[in-house]
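Participant: This structure is in structure tokens; I'll ask about it shortly.
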Amino acid sequence: MSIQTDDFSAADLPPVKRVMSAAPASPHEEAIERALRPKLFDEYVGQAKVREQLEIFIGAAKKRSEALDHVLLFGPPGLGKTTLSHIIAHELGVNLRQTSGPVLEKPKDLAALLTNLEKNDVLFIDEIHRLSPVVEEILYPALEDYQIDIMIGEGPAARSIKLDLQPFTLVGATTRAGMLTNPLRDRFGIVARLEFYTAEELGRIVRRSASLLNAPMDEEGGFEIARRSRGTPRIANRLLRRVRDYADVKGTGQITLDIANKALAMLDVDPQGFDVMDRKLLEAVIHRFDGGPVGLDNIAASIGEERDTIEDVIEPYLIQQGYLQRTPRGRIATLAAYRHLGVAPPVSGNDMFT
């Protein structure tokens, strides 16, 4: 199988604002992501522990002809929460209905989805932490008893009726598990945290995507893309497409180590997978705030970025790689951050260097 990208023309589409962002950049990119998305566990790479658990739970549900327990997937953006929801539905052999927390503004929005589910279907709610309290209240009896209460009529004549639902599985995805209310979190029978991918795992993903995109690539070129992708498949696939463009225009079309290095340098992606925004954040903490501790609001104002974007997209990888520390008093730059920027660390005055 191969994917022809003629149908994904970038004409009249806004450019990707930040190539290393783990958030989907545009409907155009989302369309390509869907085309590259694995549909079954046999095609899925990484998250070995989560995959093993889900395969067992799905197999048991199919054996008993029951709906799978409700599933909560959480972790940084771009790690495959949406992909896993599609795989769960495909492996169960059922329909998938997809929505997001911000879209479900009123109880009737959720009720319309729930009443149209068939037996054992999967309902995927992305950004489930952003459900409004009134919608969340409707969800509780649906998750526990497969029933919802809806109001008929208005004013004094209004009355509540109970509707039975088909058994279904809710798959909720969030980058902020801590923002879920306890009652909602407790209703998920399966909770799985997605971790950043290794360079080897991303290398396998890049090779698979290159094959689907008909992009000739050698092993060294593919691994260089993978190793700079911040442990995130979405970023790996985005970098692959940009390097392929460079190879087509500046080379022979073959993605080699040399082509990958030149293309990534053009994109301002350094060997650690950091881009301009990562370096701006580290430079701000070190130069403007003496290495920290500094609060997130001050960092956001300093680099001109949204607080939520810093917390959800930029800093998780910096923390995971040991360049930034999150403390009760604020963010602190580590020795690795000073070395990466070629800045001499302070001799004294910072707790982490004592």
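The chain as shown is numbered from 1 upward.
Yeah, the Cβs are placed from backbone N, Cα and C, and that goes for glycine too.
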Participant: Determine which of Arg234, Arg238, Arg241 appears in Swiss-Prot for the same ATP site as Leu36, Arg37, Gly78, Lys81, Thr82, Thr83, Glu144, Asp145, Tyr146, Arg187, Tyr197.
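Facilitator: Record source Swiss-Prot; matching candidate: Arg234.
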Participant: Using an 8 Å cut-off from the Cβ centroid of Arg307, Arg326, Arg331, can you name the remaining same-chain residues around the DNA site, in sequence order?
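Facilitator: Near the DNA site, beyond Arg307, Arg326, Arg331, sit Gly295, Leu296, Ile299, Ile310, Glu311, Glu315, Leu324, Gly330.
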Participant: Where does Tyr146 (ATP binding site) sit in DSSP terms: helix, strand, or coil?
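Facilitator: Going by the DSSP assignment, Tyr146 (ATP binding site) belongs to neither helix nor strand, so it counts as coil.
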Participant: Through the lens of DSSP with three states only, how would you label Gly78 (ATP binding site)?
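Facilitator: It is coil.
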Participant: Give the residue from the binding-site residues Arg307, Arg326, Arg331 that has the most other Cβ atoms within 10 Å of its Cβ, counting over every protein chain displayed.
Facilitator: Arg331
Participant: Compare the C-alpha of Arg326 (DNA binding site) with the C-alpha of each of the binding-site residues Leu36, Gly78, Thr82, Glu144, and give the closest one.
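Facilitator: The answer is Gly78.
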